[in-house]
Structure formats: C-alpha cells, structure tokens
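Structure first, then comments.
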Amino acid sequence: MKNENNKFMSSLESINQRLSEIKTLKTITDGLLGVLPLIIVGAVFSLIANFPVSGYQDFLEQVDLKETLTSVSHFTTDIIALLACMSLTHVRIKRDDLDSLVPVFISLVAFLIITPLKTIKDETYLPFKWLGSSGFFMGIIIGIAVGAAYVFMIKHNWIIQLPKSVPPMVAKSLSSVVPTTLIIAVAIFIRYIFELTKFETIHNVIYSLIQQPLTHIGTSIWTMVILTLVAQLFWFIGIHGMLVVMPILLTVFLPLDIQNLAAFNNGQALPYITTIGFWIICTSIGGGGATLGLNLMMAFRAKSDQFKVLGKLALPAGFFGINEPLVYGVPLVYNAIFFIPYVFLPVINLLLGYLLIKVGILPSASGATILGMPIPIFFTGLMEGSWKLGLFQVGLLLFDSLVYYPFFKTADNAALKEQKEEAK
C-alpha cells in the first residue's frame, strides 16, 4: 500500500513538474507577476490620491499634490500593456539563458510601431489607450512572439559573425542586428497591412476579436467560480492549483482591475465586480481554501496534540495568507473529511461577496491588485479602497470558522482517539 501511495505521489510530482515546464504558460505567469510591483505601487498612490475624506482631498488640492500623486498611476497601471510586453520578452529570453537587454528593447519598439499615433493641432502624441488595459492582450502577444522569434534566430545563428579581434561587448551588441532588423521589419509590415483594412490597426483586431470576448467572459461570476473550483480540486489531489489557473486568472481579470483603478482615479463608478482584488478578498482568507477559520479552530479549540500544536505553529503565517503548513500538515490534500469546505467554501465566499456588491451593500474592489503579497485580512479590503471590504473579510472569517467547525471536530476527535490509543 505504501509503495502504491509513493508511486501515486511521484506521478503527481511529475504532473506538477510538467505543468511548470510549459514555457508559454510559465512565461505569461512569470511575466505578468513581474509587473505586479509597479501595479501595486501605482495602486497605493492612487489610494493615497483618492482617499475618500473631503478634508483630506481639499488639502491635496490646496498644496497642488493630487495631480503629482495621480501621475504615478499614469506611468504604472496606465501603461500595463507596455510593461507586460517587455516583462514577457525578458522572461521568455531568460528561460533559454540568453541576454535579455536587446530583445526587451526590440519588443518595446515593436509594440510602439504597431500602436497608432494621434495628431491634434499639428502635435503628434501617443495615446494611453493602447498602452494600458485596452492593449493588454496585444502586449502579451508581442512579448511572447518577440521572445520566441529572437531565441529561434539566435539558436539558428541568424547573426553577424564578427572577428575575434572585435571587443566582446561590441560583438555582443552587433550580433543582434539581424534579429532586430527582421523583427522590426515584421512589425512595420503588420502596421502597414492593417492600415489598408477597415480595422486600421492590429490593436483594433485583437481588442475586438480576443480581448473584448475575454472581458465579457471575465465579468461573469461563474467564470471565477469555475476557476476557483478547478484550483481547489487540483490542490485537493496534491497538484498546485494556482499553477494551473494563474495564467488564465491574470490574462482575463487583470485588465478589469486596471480599468477599475482608472475609474477610481477619476472619481467614477467602478465598472467591474469580478476582479483579482475581489477574488483575493473572498477566497484567500488564510490562503487557498479560506483556511484561517480552520486554523483558529485548531489553535484554540483542538483537543488532540496534533491539531493543537500544528494550529498554533501555522497561525502567524495563516494571518498573512500562507497555509502550506495546513495543506500538507493536517493534511488537507486527500483528506475526505475536509473535502467539502476546502473545495467549496471559497466558492460560497465568492457568491456572498458578489451578491453583497450587486445589491449595493459593499463597493467593488478598486483594482489595487495585491496578488502574492502577504497582507492580513481587513487590511486587504482596506487596500482595495474600502473599510467595508475589510469588515466583510472579518465577517467571512467568522462564517468560515463556523463552516469548518463540524469537519474540524470530526478530524480532531479521530486524532485524539488515535493519540489515546498510542498512549496505552
């Protein structure tokens, strides 16, 4: 039996390894996570600039500070497509152990070439529209395509071979001339071809045919419910659930966060409910599976030494959304007792949050995406623009604790019985 379990666990580890080695998915995930620090900084300054206290807002206006604070988001979240494009190229190139400096510049130039300029009163400028959330999917495509094309050309020696007498740094720079020329030429060709069509730019094509349908899908709570269920089911069988859904989560929902943040900056109504910020608020109380309630039960209500000790050890990390000690220590994987709350409780939390926002009791999350940041409950909601969201998280914690309690008691009693039998 032990050998069979070992074989099964080995097969799961193999699946995890294969998932992590899918280059395109890994590039999307790592590339988008790479720009999150800038998004977070932009979101924080947006909150500072737009904190809903009238006296505070009057003060910012009097000292001419509001526009300065808002400028941070203009050059972080409002150029998310450009940042994502460069980040994805960097990640894709580094996976093949090549220098990423030149290809990152290539992807930047290629993206700008296909982006239309505007002219007003003889002044030409680059509009923010396609640099931000509207050009997000185009940025992903350009970032991956440039990275893949550059790697292909370098590995097939489509480079200028220079004599050994040429200094290494000079040779390294000039060797990229051929890939650079070819990629830029393709970008110019794409721009020219689409200027001849009714679409005028490839941005319009990608936005109309891909990004808008994805946005429509993302605005449905059921899309988020399905992704959450998939992630939790994979976690339950020992496969990293976030590794599976993260590329979809970031690609579909991150643009909605960015648009919410833009509306927040402009003092407008937030257009979307189903954002990554909303997802974090509802599902990650104590980590995936909303396990902080279980952790509290273990730390303060457990009678078995196993649960009591583990609960107290895991609690500090649990407050910051880290629950691996519970996932593998209880364990929650392959544990039939906890299957129902571990898999379905995050979904119930999502539906509760969606309903309360829909009827106007709670506000939407502002878009200050904090994915991966260890921020305790209440402060997560506060970061998303409202103390009401923070209180909602506290309410969810109490609710989750009640839901987990009967399952916890069953497991704790079984552990206590086993403990007493071993003590005889």
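In case you wondered, yes, glycine gets a Cβ from its N, Cα and C as well.
Computed from a predicted structure; not experimentally measured.
These features come from TrEMBL:
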type     : residues : note
DOMAIN   : 8-407    : domain 'PTS EIIC type-3'
TRANSMEM : 32-51    : transmembrane segment
TRANSMEM : 71-89    : transmembrane segment
TRANSMEM : 101-118  : transmembrane segment
TRANSMEM : 130-153  : transmembrane segment
TRANSMEM : 174-194  : transmembrane segment
TRANSMEM : 214-236  : transmembrane segment
TRANSMEM : 243-264  : transmembrane segment
TRANSMEM : 276-297  : transmembrane segment
TRANSMEM : 309-330  : transmembrane segment
TRANSMEM : 336-357  : transmembrane segment
TRANSMEM : 364-383  : transmembrane segment
TRANSMEM : 389-408  : transmembrane segment
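Here the transmembrane segment (243-264) sits against the transmembrane segment (130-153); at least 3 CB pairs are under 8 Å, leaving out pairs fewer than 6 apart in sequence. Listed as Cβ neighbours of the transmembrane segment (276-297) (distance under 8 Å, sequence separation of 6 or more from its ends, same chain) are residues 224, 228, 231-232, 235, 241-242, 249-250, 253-254, 256-257, 260, 311, 314-315, 318-319, 321-324, 326-327, 332, 338, 341-343, 345-346, 349-350, 352-354, 357, 364-371, 377, 380-381, 384, 389, 392-393, 396-405, 407-408. Taking every listed stretch (101-118, 130-153, 389-408) in turn, the largest tally of C-beta pairs under 8 A with the transmembrane segment (174-194) is reached by 101-118.
Most Cβ pairs under 8 A with the transmembrane segment (389-408) among the ranges 71-89, 130-153, 214-236, 309-330, 336-357 are made by 336-357.
Below 8 angstroms of C-beta separation, residues 235, 284-289, 291-292, 294-300, 302, 338, 374-377, 411 of the same chain, each at least six residues beyond the ends of the transmembrane segment (309-330), sit close to that stretch. The transmembrane segment (71-89) shares more Cβ pairs under 8 Å with 130-153 than with any other stretch in the list 32-51, 130-153, 336-357.
Tertiary proximity for the transmembrane segment (214-236) is limited to same-chain residues at least six positions away from its ends with a CB under 8 Å from its CB atoms, namely 137, 242, 244-245, 248-249, 251-253, 255-256, 272-274, 279, 283, 288-289, 327, 332-334, 339, 342-344, 346-347, 350-351, 354. Sequence-distant contacts of the transmembrane segment (336-357) (same chain, six or more residues past either end, CB-CB distance under 8 Å): 221, 224-225, 228-229, 232-233, 235-236, 273-274, 278-279, 281-283, 285, 288-291, 294, 330, 363-364, 392, 396, 399-400, 403-404, 407, 410-411, 414.
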